[in-house]
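Student: This is the structure I want to talk about, given as structure tokens.
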Amino acid sequence: MAIERTFSIIKPDAVAKNNIGAIYNRFETAGLKIIASKMVHLSKEQAEGFYAEHSERPFFGALVAFMTSGPIMVQTLEGENAVLAHRDILGATNPAEAAPGTIRADFAESIDENAAHGSDSVASAEREVAYFFSAEELCPRTR
């Protein structure tokens with residue numbers, strides 16, 4: 001199995017509800033290691049840049065407004081098949097469709113405020129990690 005890195009965001013709704021520790025526990029219990037983490041409050045420009053691929057979609061303005069509404073946690077996770085493992089832990093984008101025991105089923109209220117984001121591919125993960133972290137900020141875990 002391949003050791004991969006993926007990118008994760010705990011969104012403003014979950015941060016506001018003090019779910020950071022519970023969500024980190026889910027990552028670690030699933031065998032994913034947190035190799036970089038920080039809290040940030042995105043500016044409008046940062047949010048628009050991160051979600052640029054959605055700029056022509058009708059929900060873009062609401063997405064940017066939500067993602068700038070409060071602090072977020074951004075983290076880089078590492079582990080076997082990390083991209084898929086992380087997405088499995090998150091559950092379906094719509095929490096109403098998410099399997100019981102997944103992050104979105106347990107911590108999200110709606111499809112618009114769905115608690116977390118996860119990279120959808122290794123290529124996306126590389127781009128998203130680089131958007132928030134320099135190479136020096138990544139701390140591969142050797143123990």
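Cβ atoms are placed via backbone N, Cα and C, with glycine included.
Annotation source Swiss-Prot lists ATP binding site at K11, F59, R87, T93, R104, N114. Look at Swiss-Prot and you will find H117 tagged as active site, pros-phosphohistidine intermediate.
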Student: Between the Cα atoms of H117 (active site, pros-phosphohistidine intermediate) and K11 (ATP binding site), what distance do you get, rounded to the nearest Å?
Tutor: 7
Student: Grab the ATP binding residues from the record (K11, F59, R87, T93, R104, N114) and give me their largest CA-CA distance in Å.
Tutor: 22
Student: Using the structure shown, find which entry in T93, N114 (the binding-site residues) has the sparsest Cβ neighbourhood within 10 Å.
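Tutor: Per-residue Cβ counts within 10 Å for the binding-site residues T93, N114 bottom out at T93.
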Student: If you skip the near sequence neighbours and keep only those at least six away, which residues in the chain come within under 8 angstroms of K11 (ATP binding site), Cβ to Cβ?
Tutor: F66, M67, I72, E113, N114, A115, A116, H117
Student: Please identify which of R87, R104, H117 has the densest Cβ environment, defined as other Cβ atoms within 10 Å, among these recorded positions.
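Tutor: Neighbour-count leader: R104.
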Student: Please report the three-state DSSP label of the residue listed as 'active site, pros-phosphohistidine intermediate'.
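Tutor: The residue listed as 'active site, pros-phosphohistidine intermediate' sits in a strand per DSSP.
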Student: Let me know how many other Cβ atoms fall within 10 Å of the Cβ of F59 (ATP binding site).
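Tutor: The answer is 12.
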